[in-house]
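Swiss-Prot has this to say about the protein:
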| type | residues | note |
| --- | --- | --- |
| BINDING | Cys12, Cys15, Cys34, Cys37 | Zn(2+) binding site |
| BINDING | Pro117, Thr118, Gly119, Ser120, Gly121, Lys122, Thr123, Leu124 | ATP binding site |
| DOMAIN | 1-53 | domain 'ClpX-type ZB' |
Amino acid sequence: MVVEANKKELICSFCSKKQHEVKKLIAGPAVFICDECIDLCMDIMKEENKVALKQITSSIPTPQKICTILNDYIVGQDQAKKILAVAVYNHYKRLEYIQSGNNEVELNKSNILLIGPTGSGKTLLAQTLAKILDVPFSMADATSLTEAGYVGEDVENILLRLLIAAEFNIAKAQKGIIYIDEVDKIARKSENPSITRDVSGEGVQQALLKIMEGTVASVPPQGGRKHPQQDFVQLDTSNILFICGGAFMGIDSIITARTNNSSIGFAANININREKNNSEILQALEIEDLTKFGLIPEFIGRLPIVTTLDELDKEALITILTKPKNAIVKQYQKQFELDDAELIIENSALEAIAEKALAKKTGARGLRSILEHLLLDSMYKVAELKKHRVTITKEVVNGLVEPIMTSLISTKSNKKQPVLEYIPA
């Protein structure tokens, strides 16, 4: 409520100092605030930022410890884990260095680009890193983004998701991680600069440049376009770590064409008879390949750390099914246990499931849908029957027979079967 001294002189709504006692008095909707109160607010916010950062940086595990934790949840991808662990560790150590006030050497932010086939673990790597570091994490799909003014999501909505994840704690959000998936889908349509509008390709890359590099962005707390009169939240993106991921289908042919052109004369005959797989080809990735694919040089420049993920083979998929802490088979066995039932999946069945996922080219992402389809009828029945054991064999996976259901009450031994560990033949 605005209070006036002697019906004339305005006063600060917070400290009650009169207008002539302060240097500035700033008016707002039905309130006034003086320059001294603004300075006090700024000091409080700076102190809160220091506390928030100290909580994050004081508990940063070393790169080796980060890798050890990642190994509990993610199978394979050792090189990608190592690169990510070092990058994330250095990023948060950089924040600690900046907060200390030491400006002797300016440390730049290093965002990350993950390249790998569908279901190779790009999203899971980013999610697990955020969980390890206990920082706000948000994920966005690049395919839904468009330039401002066109139908689709504005890039500022990515920052809004991070704010929501941080419960609108701005200081905490400014130290978070943003994962932008399907970034290969915003590649421009040709290698040459676009003459006409490319609102979902090159236009989105241009829009992402500033927030990825570091800027104070105006974030609409209620979403962008439906509430034009809302007050905006100012969010500094300078210390937000951006991780971009994509399958980049077809980039292997760009790499192959480049490497073949570079091999002439006698060098062309070396390894000509050895067919390289997709993972080996990606190891030879260069910046120029990304440019030819359709990423603009400025966008690539904001992603100095580039790492590739290997395509998962049959053994890796079986390990994903059984080994990690949150392995898919363990999850389904726990669900059956909640219904007082047991689930047994034979080794031959695990192999058949992995082969199906490979045939569908869905990687680890396809394993859950295959199991869900196999176990649907069993889960439907055991909820009523209770005290039953469901066994999945290779024949069940191949659709030749139904899952085998046996009553635990009628069997001589009611001992719970241990979780099966896959042992290759």
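Count begins at 1; order follows the chain as displayed.
Just so it is clear, glycine is given a Cβ too, placed from its N, Cα and C backbone atoms.
Ranked by Cα separation from Lys122 (ATP binding site), the binding-site residues Cys12, Cys15, Cys34, Cys37 are led by Cys37. Secondary structure from DSSP puts Cys34 (Zn(2+) binding site) in a beta strand.
Among the binding-site residues Pro117, Gly119, Gly121, Thr123, the residue whose Cα lies closest in space to that of Cys15 (Zn(2+) binding site) is Thr123. If you draw a 10 Å sphere around the CB of Pro117 (ATP binding site), it holds 22 other CB atoms from the protein chains shown. Of Cys12, Cys34, Cys37, all annotated as binding-site residues, the residue with the shortest Cα distance to Leu124 (ATP binding site) is Cys37. Taking Cα separation as the measure, Cys12 (Zn(2+) binding site) is nearest to Thr123 of the binding-site residues Pro117, Thr118, Ser120, Thr123. Scoring each of the binding-site residues (Gly119, Gly121) by how many neighbouring Cβ atoms lie within 10 Å, the top position goes to Gly121. Note: the Cα of Cys37 (Zn(2+) binding site) and the Cα of Thr123 (ATP binding site) are spaced 44 Å from each other. Apart from the site residues Pro117, Thr118, Gly119, Ser120, Gly121, Lys122, Thr123, Leu124, the chain places the Cβ of Gly116, Gly245, Leu309, Gly363, Ala364, Arg365 no farther than 8 Å from the centroid of the site's Cβ atoms, the recorded ATP location. Each residue contributes its Cα atom, and for Gly121 (ATP binding site) and Cys34 (Zn(2+) binding site) these two points are 52 Å apart. Taking the mean position of the Cβ atoms of Cys12, Cys15, Cys34, Cys37 as the Zn(2+) site, the remaining residues of that chain whose Cβ falls within 8 Å of it are Ser13, Phe14, Ser16, Lys17, Val22, Leu25, Phe32, Ile33, Asp35, Glu36, Ile38. Under the DSSP three-state reduction, Lys122 (ATP binding site) is assigned to helix. Sequence-distant neighbours of Cys34 (Zn(2+) binding site) (same chain, 6+ residues apart, CB-CB distance under 8 A): Cys12, Phe14, Cys15, Lys17, Val22, Lys23, Lys24, Leu25, Ile26. Each of the binding-site residues Cys12, Cys15, Cys37, Leu124 was scored by how many other Cβ atoms lie within 10 Å of its Cβ, and the smallest score goes to Cys15. A coil conformation is recorded for Cys15 (Zn(2+) binding site) in the three-state DSSP classification, outside any helix or strand.
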